[in-house]
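> Can you read through this structure? Questions will come right after.
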Amino acid sequence: MSFFVETLVGGLLAGVMYSLVAIGFVLVFKASGVFNFAQGSMVLCAALTFVTLRDKGLDFWLAALITLSVMVALGIAVERVVLRPLVNRPQITLFMATLGVSFVIEGVAQIVMGASVHELDLGIVDTPIEIGGVQVSQFDLAAAGTAGILVVALSIFFNKTRVGIALRAIADDPQAALSIGIRLQTLWQIVWGVAGFVSLIAGLLWGARQGVQFALTLVVLKALPVLIIGGFTSIAGAIIGGLIVGAGDSVAEIYLGSLLGGSVSTWFAYVLAVAFLLVRPAGLFGEAPIERI
Amino acid sequence: MSFRKQKRIMSRAIGLTALVLSAAFGTTVSAEDAKTQYFPLATFRVGAYASSGIPAWAGEIDYFRYINEVEGGINGIKLVWDECETNWEVEKGVECYERVKAGKDGSPVPIFLPHGDPISKALTEKSVADKIPLVTIAYGRTEAIDGRVFPYSFPVVFSFWSEASSAVNFIAEKVGGKDKLKGLKIATVYHDSPYGKETQVLLAHLAKTYGFEDIQIPVPHPGNEQSAQWAKIRQLKPDWVFLRGWGVMTPVAIKTAAKVGFPVDHIVGGIWSGSEEDVRPAGAVAKGYLAITPFPAGANFEIHQKLKKYILDKGLSDLKDPKSFGSVYYNSGVDEAIVAVEAIRTAQAHFGERPINGEEAQWGLEHLDLSEKRLAEIGATGLQQPLKLSAKDHEGGGAGKVLQWDGEKWNVVSNGWVKSDRELLLPLIYERAAAYAREKGITPRDATN
Amino acid sequence: MSAIGTDAIEGFGTTGSTAQGTRDRLRVGSAAVLLATLVSIPLMANDYWLNAILIPFLIMSLTALGLNLLMGYAGQASLGTGGFMSVGAYATYNLLLRLPELPLPISLLLGGIISGLVGVVAGLPSLRIKGFYLVASTLATQFLLEWLFNQYGWFSNYSTSSSISAPRLAVFGHDLSSPTGRYFLTLATVVVVTAVATRLVRSQTGRTWMAIRDMDTAAAVIGIPVSAGKLKAFFVSSLVIGIAGALWAFAYLGTVDARSFNLDRSFQVMFAIIIGGMGSISGNYLGAAFMILLPILLDHVGGGLLGGAIDAGQLENLQRALFGALMVWFLIKEPRGLAALLSRAWTQLASCFDR
Amino acid sequence: MPEPILQLRDVSLSFKGIKALNALSFDVERGEICALIGPNGAGKSSLLNIINGVYRADSGSVVFNGERFVRIRPAQAAHLGVGRTFQHNALFRHLSVLDNVLAGLIRHCRATMVEHAFGVGRDRRESREFNRRVDEIAAFLDLTNHRDRVVATLPYGIQKRVDLARALVGGPSLLLLDEPMAGMNQDEKQEMSRFILETNASLGTTIVLIEHDMSVVMGLSHHVVVLDYGRKVGDGSPEDVRRNPDVIAAYLGTAH
């Protein structure tokens, strides 16, 4: 039994890590309807910039600050150079454009900062601790805590600030949002900036977890089913989706994996996501539009 | 879009097409008598595995330069090489192979180094048709050791089966003899891919032979999340873990092992889980981690002093990060270059001192004899194991050294080269090769010539 | 609501639009010239051209055609392409292995049909899920299939590396194992499938698909069988993609395992049809050329211009970045794809002739 | 007197708690032109959507040709002979006029996909027959000149006619027209009225239409039903309705 609980807890905590990446997707999708596949490259770029600066001997906070500016600038640049000329194009075209963007980011980041692997030490000790007989990773707990703070901060941003309220409004009705008096394009830039910030957080935590290397871009594949389950437009959905995917993956890998021969977690989350979609075609927290003809 | 703009785009497109045509047809081979030996290098400098490849090409290129600069080529035949990027993808690897296989400016291709397990498998049959030997050091099909069935595939030095068998033998060394293996639990945590599965059959066989319990735990690609696998390890409590990873899987495994409290000094990494690039991202917790490799790390071998003096210190090295000099991957490149150069030397002794083509290099490889004496002449004693190839044995060595990470660098902890149970392995390998021959309708060659 | 989530899709070609005699004659004429060139190419080209450029280009075009039927014509976007290719490849392999008496073309077709049937199952969620959520759900198919062929040895006849390699390729006693043979096998398949697909999209079936794509609710109201139409599109699309997958395995690479048909392949094909032109037959060839030829071109040009001047690793990364930038640039500059560009060029050319 | 072609019985519908239709009942006689009028948001389009199954009524039933339905599916309605045009343009915008109208015949298609793919069996005969029928309808609605144009490139008024042609080509017994003259000028409206009258007279098709222009409605229809906030406030001949004080209060009195 305690083995099951441990597997479950381990999975839930891993799920929070997926949520961190998924939140970046949600922000951009909500505001501009773009499914930003380059999020993974942005995570890599953030982590790589940060460790490169640290290796040059910069102070932790200074490195974080510079990386943050780089990421915000990158987000804004992507919005201006790529997505603005593509406005009103089909979603799938925008999606493909972000795929192209990810090539550019990966290529340029490695030209500038090289392709070697780095260790990223955030100073979080990672010896296991026992809570009620269940072994839990301290690092994972810290990561979950960070995700929690991030979600609270984002919800304050969306609910209390003028910009945040406008952002929520444009998801429903771009015209109405304009009446608040902020230009749509300014809003998009802000969102892309925030997405850059979120990729910094995700990049630091994922980088610390597995080392800073190219494979960071692959976390996107784990974030996708999280999004499908949670709905593309809900931050709460990204968290709940992450927990479901993390727990589902772990438990399936152990129990279903022993039946089917392992590695079921490559598809389990996706099949689970389709099952959710069949019941709720726009995800748990997404809203399906009413059809009018 | 305006009319003029369209025209402009069209004319650009036409220009582009013209460029493609000229670029691709420009590689035709002239029939002149060449004075050089061409060595195409399939590399992967972009993509998820670039970090491991980059030091390896440096080792390889540095050794080629050393041969050219110091020894004036192989018996006066200088080496030329150029690179082709594969991204470690099969399709691009095949494109590279097709691009270079005809040679360059009349200089033939003696050996193709695919640098990638899937690419080598895809090229198995093409290489036979084109008569170009594939040398795959420490990767590739294990059954290709049987050169009667696989005349042009050379999984030289250390096949995956030898790797697994040596790892088990190292564990036996640690616990006090092969008889002590009985009752042990050895879990293999493997990358769930053809590469990762390659050792399953053998480990099951060894488990039966020695009486240990064989536990197989797959990690799905890419392996960036392993909490379930290590929770299972914690539950099953194996005595040793044999880690056969690739890329990001290895550091995550080490970190997750530490997370669940499994002692890292009881994890033996495989060839592709045993480089600086694999342990460094794991940080402090990797201290004590073991790995078996045919490419022992270190910069104190005699050949390294020559490389340093003639290549690195003269600014001729391909290595960008001097820290990597003498790393596992750098040394793997040196090893690979030594095998290739010596095979050509052997062929030249037979066919004459001139550029060697694929068919001749195949002969050279099958008659390669890297004795202790020859290794000492090269300055590779301790770096490369003695090697003697034949038509029946395309592997030759079959031993590895075990390294331990001390947080800064690797140290050899095994008692010299840990040999695999080749006498046990070879009959099984021949059996599998024969099955392959039956399926493909191949008549095995006569091994006596 | 169109199925891909917005009405602003301008990328679709049309059938039966303004008939211009000269233009059509020009197009037919140049298609004939192109075909004649393709048939006579083995006389001039070397192995490299056949093995590394033309064969993959033709197969990629066929794959793009398959996806275009589903996505460009029927409006159902999918990222399961790699998965369907692998079904075709593994199914054909097993047919060749276990029923060696079947002629190669029949095995190829049956392999395609098996892939088509898998496509129907994978298409079932499309009856309920729309737009981008559907794209996401096709990923389940992709990953499940990749896992299946890697996991169960039966599909690869228990080969150690779970890879499959081509048995002897022969049609009615003619050996097709040489590069030229494989090239003609590919070319013949591509020509036949293209001809049939062109017929199909101009028939009532094609009209059903385009109606579903443009306005599925209206289509249902005027009595078009929407669900059946979607599933048929999944069937035909997966069938074509399955045949392409078998060719990819046997006519191109010779030996493959499931990783050759991974998500990257699905992305590559989807990009090919978006850049080539959705809802256009010729767009598939243009898009495939972009995806297959451009990276090779960049490699040759980059190596030629900058080789030696800058570090090899920098050069490779530069090429990757440049390819990404070109992808974005074409998407921005040509919303309707390269096919629209070509079509306008024909119109211009025709007007020159008419004058 | 023969049985009415369409009978609605106590049909109710609500969206997110707001009642769009409230226990609505009326009959449409075979062969008549029946107009549904009422202010915006009165539930007219919703009613059409219920008749051909796009929406599902919360309660009540629809009797069509004597057969009672609680829920009818769009495809089923089409097969029973209910044709429909749309208020907002619902044409297949990337297709030509010909292809749009041909799409209206898909439900009569008997050839299988394989026959289509290879141009064998019933395919040839069917496509000849279908093309003939489309040519007839196109001639009838004066669309022959636009036959090969992509609909998205046509003026709005012509698009409306294409919509009508697409609905008509399948030979419906009941035709639902949702604001067929919206956005048209006076000439176009007259032309469209003529087409509707001719359809009704020569083909005998029963027509239910929604229209705002009262002069058009009064000139066209045999029967008028007035809706207001989901309730029926008038039902009778144009003259009766014109004199009904409730109707005047609810609709005619207000400027629209």
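Every residue, even glycine, has its Cβ placed from backbone N, Cα and C.
Per TrEMBL, transmembrane segment is recorded for C:26-43, C:49-70, C:77-96, C:102-124, C:131-149, C:183-201, C:233-251, C:271-298.
Describe each of these features in terms of where it is and what it packs against.
Residues 49-50, 54, 179-180, 183-184, 187, 191, 346, 349-350, 353 of the same chain sit 6 or more residues outside the transmembrane segment (C:26-43) yet have a Cβ under 8 Å from a Cβ within it.
Long-range contacts of the transmembrane segment (C:49-70) within the same chain, counting only residues at least 6 positions beyond its ends with a Cβ under 8 Å from a Cβ of the stretch, are 38, 41-42, 76-78, 81, 84-85, 179-180, 182-183, 186-187, 189-190, 193-194, 197, 200-201, 209, 233-234, 236-245, 247-248, 251-252, 268-270, 272-273, 276, 278-281, 283-285, 287-289, 291-293, 296.
Sequence-distant contacts of the transmembrane segment (C:77-96) (same chain, six or more residues past either end, CB-CB distance under 8 Å): 3-4, 63, 66-67, 70-71, 102, 104, 107-108, 110-112, 114-115, 118-119, 122, 132, 134-135, 138-139, 141-146, 149, 155-157, 164, 166-167, 234, 237-238, 241-246, 248-250, 256, 258, 260-267, 269-270.
When Cβ-Cβ distances below 8 Å are used as the criterion, the transmembrane segment (C:131-149) is approached by residues 1, 3-5, 76-84, 86-87, 90, 118, 122, 125, 155-156, 162, 257-259, 261-263, 266 of the same chain, each at least six residues removed from its ends.
Here the transmembrane segment (C:183-201) has long-range neighbours at 15, 35, 38-39, 41-42, 50, 54-55, 58-59, 61-62, 65, 69, 73, 104, 108, 169, 171, 176, 209-210, 236, 240, 243, 247, 251-252, 281, meaning same-chain residues at least 6 beyond its ends whose C-beta is under 8 angstroms from one of its own.
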